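The structure appears right after this line, and notes come after that.
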C-alpha cells in the first residue's frame with residue numbers, strides 16, 4: 001500500500017519526467033530485452049534494433065499507462081482494468097516480465113534523474129511499480 005509520502009514522491013517523479021516518458025519507456029524496454037533475452041518472445045515480432053519504431057511505440061504506451069496510474073493512485077485497479085484484461089487475455093505476457101520491466105524502468109529513471117532519485121523516491125517508485133504489476137497480473141487465471 002502506498003503511503004501519503006509514496007504518493008507524493010510518485011507524482012513528483014512523474015511530473016519531472018516532462019516529455020521524456022516515451023523515451024524512457026522505450027529505453028527501459030530496450031534494457032529489458034537486452035538484459036533478459038527470454039522477454040523477447042512476447043512483443044510479437046518486434047524489430048528490436050536500436051531506434052526501431054516498434055519498441056519506441058510500445059515505450060510510449062508503457063509511459064502513458066504509467067502516467068495514467070500515477071494520476072489514479074487511489075484506484076489503480078479501476079484505472080488499469082482494460083490494460084490488465086489486454087495483457088492477461090489477449091497478449092498473454094508472462095507475469096514475470098512486469099517485474100523485469102519495473103526493474104529496468106527504475107534503472108533508466110536513476111540514470112536520467114540522479115539528483116531526484118533519492119532512496120525515498122526509489123522506494124516509492126518501486127512500491128508503485130510493484131502495485132501496477134500486481135494489478136496487471138490480477139486477471140491471470
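Note that Cβ sites are derived from N, Cα and C of the backbone, with glycine treated the same way.
The domain 'Globin' annotation in Swiss-Prot covers 1-141.
The secondary structure of residue 3 (phosphoserine), as reduced to three states from DSSP, is coil rather than helix or strand. For residue 3 (phosphoserine), the number of other Cβ atoms no farther than 10 Å from its own Cβ, over all displayed protein chains, is 10. Annotation source Swiss-Prot lists phosphoserine at 3 (among others).
Note: residue 7 (N6-succinyllysine) has non-local neighbours 73, 124, i.e. same-chain residues 6+ apart with C-beta under 8 A of its own C-beta. What Swiss-Prot records for 7 (among others) is N6-succinyllysine, and it gives similarity to another entry as the kind of evidence.
Residues or ranges marked as phosphothreonine by Swiss-Prot: 8 (among others). Less than 8 angstroms from the CB of residue 8 (phosphothreonine) sits no same-chain residue that is six or more residues away.
Here Swiss-Prot flags 11 (among others) as N6-succinyllysine, drawing on similarity to another entry. Counting every protein chain shown, 15 other Cβ atoms lie within 10 Å of the Cβ of residue 11 (N6-succinyllysine). DSSP assigns residue 11 (N6-succinyllysine) to a helix in the three-state reduction.
Remark: residue 16 (N6-succinyllysine) has 113, 116 as non-local neighbours, by Cβ distance under 8 Å and separation of at least 6 in sequence. Positions annotated as N6-succinyllysine by Swiss-Prot, on the basis of similarity to another entry: 16 (among others).
Swiss-Prot lists 16 with the feature N6-acetyllysine, giving similarity to another entry as the kind of evidence. Reduced to three states, the DSSP call for residue 16 (N6-succinyllysine) is helix.
Look at Swiss-Prot and you will find 35 (among others) tagged as phosphoserine. In the three-state DSSP scheme, residue 35 (phosphoserine) falls into the helix class. Of all Cβ atoms in the protein chains displayed, 12 besides its own lie within 10 Å of the Cβ of residue 35 (phosphoserine).
Summarising the annotation, Swiss-Prot assigns N6-succinyllysine to 40 (among others). Under DSSP, residue 40 (N6-succinyllysine) is assigned to a helix (H, G or I) in the three-state scheme.
Per Swiss-Prot, O2 binding site is recorded for 58.
Residue 87 (heme b binding site) falls within a helix when secondary structure is assigned with DSSP. If you draw a 10 Å sphere around the CB of residue 87 (heme b binding site), it holds 21 other CB atoms from the protein chains shown. Look at Swiss-Prot and you will find 87 tagged as heme b binding site, backed by sequence analysis.
DSSP gives residue 102 (phosphoserine) a helix state. Taken from Swiss-Prot, the feature phosphoserine covers 102 (among others).
Residue 108 (phosphothreonine) falls within a helical segment according to DSSP. The phosphothreonine feature in Swiss-Prot is assigned to 108 (among others); the stated evidence is similarity to another entry.
Of all the Cβ atoms in the protein chains shown, 22 others lie within 10 Å of the Cβ of residue 124 (phosphoserine). Per Swiss-Prot, phosphoserine is recorded for 124 (among others).
In the three-state DSSP classification, residue 137 (phosphothreonine) falls within coil. Long-range Cβ proximity for residue 137 (phosphothreonine), meaning a same-chain Cβ under 8 A and a gap of 6 or more residues, is found for 84, 87, 88, 95, 98. Taken from Swiss-Prot, the feature phosphothreonine applies to 137 (among others).
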Based on DSSP, name the secondary structure state of residue 58 (O2 binding site): helix, strand or coil.
helix
From recorded positions 3, 35, 58, the one whose Cα lies nearest residue 108 (phosphothreonine):
35
By the DSSP assignment reduced to helix, strand and coil, which category contains residue 124 (phosphoserine)?
helix
